[in-house]
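Participant: So TrEMBL lists these for the protein:
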{"type": "TRANSMEM", "residues": "B:12-32", "note": "transmembrane segment"}
{"type": "TRANSMEM", "residues": "B:62-84", "note": "transmembrane segment"}
{"type": "TRANSMEM", "residues": "B:96-124", "note": "transmembrane segment"}
{"type": "TRANSMEM", "residues": "B:145-162", "note": "transmembrane segment"}
{"type": "TRANSMEM", "residues": "B:182-212", "note": "transmembrane segment"}
{"type": "TRANSMEM", "residues": "B:224-248", "note": "transmembrane segment"}
{"type": "TRANSMEM", "residues": "B:254-279", "note": "transmembrane segment"}
Amino acid sequence: MKKKISLVMALVLVAAMALSACGSNTGTGNATGNTAGNATTSPSATPESSSSSSQVAFDGEIVIGSILDTSGSMAAAGLATVWGADYAVKEINDAGGIRGKKLSIIHYDVKGDPNEAINAYNRLVDQDKAVAVVGPGLSNIGIALAPIAEEKKVPIVGHFMDERCTTNEQTGTKWNYMYLAEPSCNQQAEAIASYAVEKLGIKTVGILYDSSNAYSVTHAEPFAAYCEAHGVKVVASESFGKDAKDYKAQLSKIIAQNPDAIFVPAYVQQNALAYVQIRQLGYQGIVLGNNTYNTPFDTLIAGTSPDNLYFIFNVDYSSEFTKFLGDAYRAEKNEEPFINSAFGYDAVKLIANGLNHAEDITSGESISKAIEAKTQAVMTSSGPITINPNTHRPEGMGVYIAKWASDMSKVELLEYYLAK
Amino acid sequence: MVLFYVQQLINGVSRGAVYALIAVGFALIFSVLKFSNFAHGGLISVAAYAGYYFSTKFDFPPVIAILCTALIGAVMGIILNYIAFYNLQRRNSPNIFYFVSSITCGILFMNILTLMFGTTFYAIKPFFKNNIIKIGNLIILKMDIMILALTFVLLAALMLLINRTKMGLALRMVSIDKDTAMLMGVNSSVVITVTFSIAGALAGISGILLGANFTIDPFLGNMVVKGFIASVIGGLGSLPGAIIGAILLGVMEVIFTVLVGDILSPAIIFVMTLIFLLIRPQGISGHFVTEKA
């Protein structure tokens, strides 16, 4: 009898594990099918643009992978990135593929866990024979992956904005196989800090950040450094943990110092909670933010005015570079585009450019060299991207300072800042 | 300065009220069945999404939305009992099975929610147009008052049910000795099902209120860990103890966050909890229930 019970328990456990791993299914493309991954949690590109309907003849396929959080706390961002990556893959294949070969992408869900990410990366390289990898979007994972990629020699192009993902902290030199496809945390934090100092005229500031998240920490530190260097006093710097939802204790402490502005650089859900609580505690001053104050921030703070909130925004959905992607996202999902869709798209475009220029498209090392040397004004949904070969981060790429319209109907772009 | 600390005390009670709401449902199962039901967190997550639909999508008034979510929670509680625990009870399975089963079901619920709703975040429409009450420079949130008041009302209702009704008597008998209760003519299965439905309803109320107070994600129910700690501090299985423990935990968290910062605060609280339990293992209430798992 006990054996039966054990069996039932084991089955339930396995079912739970299987469900939690659903986002991690592989779904490799095949010669005639959809070239985008078939992960159940991963929306593929628009059916009308499927490669099976294109008339292009292919000779074999090039496999790339993605390692993104599609079932953990950042699943919303990860799934949008998967959507963007799939869209780019389809677009590339519809246009004839890469050097006569079809591009195929395999998605792995890493559940926001660095160990899962390392396992997924190893599996992509060793088993799936992926020649380049998209993601992760999380800096903690990027930091963990950097030395592994150095060993495996297969490039990773992602949106891990912490500079330690692209620069070896100990040697100060670049990680050879890690590439960032948007301005780094330092660059974005300095952009919002300089806007606050120059345009908003703040003299004092408080900071609330997520101490468990490298992305958040590496916004807070350069922001504080920039402020101090430009005569703005940081009157309070408070942190919270990953699972915290009530920040009123920390915020009361910051607000007691009566700062001109409060900077909150975290993920969208945390930002929304912090913003609502800041206003609940009666603070009506300026709130400054990072690049995760876009949709669905508006729905999360329903009922709270967005006045006096300024934040970073990476793309202009009305621009020639980005409009098509935003339109496709809205058409398919009937909601405003999640900015990570652009990130996924851009990462695949940079990899595709590397593949087009690589001497050997079966060698990660060769592809990495091509990404390093040939990413010069590559057209992406965020505009042209040029990777600095010495840092593996974009150069000459800016960010927008943005605010929500008072009725929360749209994000208004105020100014374009070139990252220093 | 005094005002600052009074405001922080209010912040602490507000945080504790949230923990108390979770702890009551958690403690109810422990008091009757004597195991820590971590699947309660999964039910809270499910209820939060149900609450989102009732409150925001269908635009039900808050009271109706809360009642509907409580009903969904009750049904889910019954389903949970039959999926995860019914056979274990029938077969007098080893204690560890309850623990594993409850954790597994909690994870299962949260992962199903991730698959269904993981593409974006949700928030429940605010229950109050103006959530703030200002008394001088002090700020109290109507939502926090509502949560605290509702927690006490639920506690009172549960105490009445347990101490003043036939069902409560049966519930206490099953909690003391299920087999003897059966010999005395009590249908233990029904009593346990009712207990799970009540705990599920409490999870439903917790889910919609937590969703309205914060935002919704599939892992919202992980806050059940705080409910567990509150129950331990208050005295495992004691309903009033769970509430006292929850308020104390909330206030302690806020005080230590203010004094030593958020990074050190959890470590200090865990150490203090351990020391407290070494001195007083039966918790604040002095009510001690032998733990099954």
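Backbone N, Cα and C define each Cβ position, glycine as well.
In TrEMBL, annotation is done automatically, which means it is predicted and not curated.
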Participant: Rank B:12-32, B:62-84, B:96-124, B:145-162 by Cβ pairs under 8 Å to the transmembrane segment (B:182-212) and hand me the top one.
Facilitator: B:62-84
Participant: Going through B:12-32, B:62-84, B:96-124, B:224-248, B:254-279 one by one, which has the most CB pairs that fall under 8 Å from the transmembrane segment (B:145-162)?
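Facilitator: It is B:12-32 that shares the most Cβ pairs under 8 Å with the transmembrane segment (B:145-162).
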Participant: Can you tell me which of B:62-84, B:96-124, B:254-279 gets the most C-beta pairs within less than 8 Å of the transmembrane segment (B:12-32)?
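Facilitator: The listed stretch sharing the most Cβ pairs with the transmembrane segment (B:12-32) is B:254-279.
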Participant: Count, for each of B:62-84, B:224-248, B:254-279, the Cβ pairs lying under 8 Å from the transmembrane segment (B:96-124), and report the range with the highest count.
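Facilitator: Between the stretches B:62-84, B:224-248, B:254-279, B:62-84 has the largest tally.
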Participant: Excluding the flanking five residues on each side, which residues at least 6 beyond the ends of the transmembrane segment (B:62-84) place their CB within less than 8 Å of a CB in that stretch?
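Facilitator: Sequence-remote neighbours of the transmembrane segment (B:62-84) are 39, 42-43, 46-47, 50-51, 54-55, 101-102, 104-105, 127, 192-193, 196-205, 207-209, 212.
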